[in-house]
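Colleague: As listed in Swiss-Prot for this protein:
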BINDING   C412, C415, C432, C436  Zn(2+) 1 binding site
ZN_FING   412-448  zinc finger
BINDING   C423, C426, H444, C448  Zn(2+) 2 binding site
Amino acid sequence: MVNFVHPEEMYLFVESIRPFEVREVGSPKWLEVHEMILGLSQQAALELSQNREEEVKEFLISRDKLRVLIHEAYCVTLWKTRVLPHLLEIDPNPQATFLIYTVLYHEAALVALLDVCLYHPSGCETLQESVLDLIDYCAQAISQVIGLVSMGYHENETKLDVDEAVLTELERQKRDFIYKIGLRCISVLNYIADNVTLFHLSAARRLLVTHDIPWLMADVLSFRPWQRKTSKGIQKFIDEKWTNVDDVTKIVKPEAQAWFCVRQLLLNPQIMENYAFNEARCKQLHKLLGLMHEPLLDQLPPLIELKVFLSRLTLSGNTAKTQPLLLEDIPQIQEELLKDVEENGGFYQIAQDQDSVFLSKNKENICALATRLSKAYGTDLLCELEQNMDDLKMGEAKDAGAGGDGDTDHTCATCQAKAKKKCACCKKVHYCSRDCQLKDWPQHKLVCLKT
């Protein structure tokens, strides 16, 4: 059985996860933990895709590591927004950017793990007061996605120029991760809304008053960041990549999660009794009625009840209520991180201290780090899993009577030997091993990135 993390390694990996400060990002110890988080994230996704026992989720929850994951997500957010700009001021065109990319990827892996764990109420229960920090984080991430969509980001098919400046490429990578993380956060907020009664009243207030999540989700559903129109037709964001769809009305996961989040909040009398349905909110929520067409309700029947509620709300008009005085908890994680930054000279000082790490020009160090990270990302294993999935789909198609010409022998693009693995990006070029793939990458990337 293929695994990214073997059962005997699981306990060690989970126990090794610890909170880092912003100044520690990119350090050897940070990279070591990054490799473990990456492996756990890949293993968790594998367990879900194959309907296996969710061991990663169980270990993270039982060892109370979800707060650490939230802490680390905030840590990377502060680094990429407050430290990275200073690093690029020092050197606008760094010689190697893969370590910066690694930090950006780290945040996506953390959010993916939170998404897996919080699907279960037991995961939500372990959050305790850190749920406030997570709500703030998710609301900010979703708002950033709305900002990108409003600027037409998702309508632009990425055609990367090979001669593109490094700074522009980094900005593109940052936006790609903002997009993926933001859509994941829709799912996370839905799980929190579904289990909001497990938390202190401060969590409900954070959702409804501080961030007005029903309003935010109405914006998300109006902008539809999971759908775009391209020269190839309508595409939807499925499994973290854009895919052509024949049926435009078919609901994808982020869309369903956004609808359910609105439903869980608006139809929960325990938390909505103090939500002021003023004129502005009624007008905003009324937009949802125009989106609730028959194909949507056929696929998501629980939304029928929400449609009835919104229709009555439109007829009843303004029902604003006085907000009661409520003492609430204050999010702590970001404040703790900022306090450590101040005690260590501020963000610019951290950037100067990390100059030798992220802006290194030592070719030996760069090559050694590249080798280490390439192993962490498990190119061979990823290709093997993708090939297994492709073979499975091909077999299902044959069983269904689709026919075919049988297995096709592919040759390695580097050494011309028989090859079963293929590039994980374009899925068009085959290789017999990771070594051959790495040798061919300088030439293949010109075609692969354009594809």
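Quick reminder: no glycine exception, Cβ is built from N, Cα and C everywhere.
Since this is a predicted model, take the numbers as computed values, not measurements.
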Colleague: Taking only the Cα atoms, work out how far H444 (Zn(2+) 2 binding site) lies from C436 (Zn(2+) 1 binding site), in Å, as a whole number.
Modeller: 11
Colleague: For the zinc finger (412-448), report the average pLDDT of the model, please.
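Modeller: Across the residues of the zinc finger (412-448) the model's pLDDT averages 75 on the 0 to 100 scale.
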Colleague: Taking the centroid of the Cβ atoms of C412, C415, C432, C436 as the Zn(2+) 1 site, which other residues of that chain lie with their Cβ within 8 Å of it, listed in sequence order?
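Modeller: Sorted by sequence, the hits are T411, A413, T414, Q416, A417, A419, Y431, S433, D435.
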Colleague: For each of C415, C423, C436, count the other CB atoms within 10 A of its CB; which of these binding-site residues has the top count?
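Modeller: Counting Cβ neighbours within 10 Å, the top one is C423.
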Colleague: Compile a sequence-ordered list of residues in the same chain as C432 (Zn(2+) 1 binding site), six or more apart from it, whose Cβ lies below 8 A from its Cβ; state 'none' when nothing qualifies.
Modeller: C412, T414, C415, A417, K418, A419, K420, K421
Colleague: Tell me whether C423 (Zn(2+) 2 binding site) sits in a helix, a strand or coil according to DSSP.
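Modeller: SS state of C423 (Zn(2+) 2 binding site) = coil.
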Colleague: With every protein chain in view, what's the tally of Cβ atoms within 10 Å of the Cβ of C412 (Zn(2+) 1 binding site), excluding that atom itself?
Modeller: 19
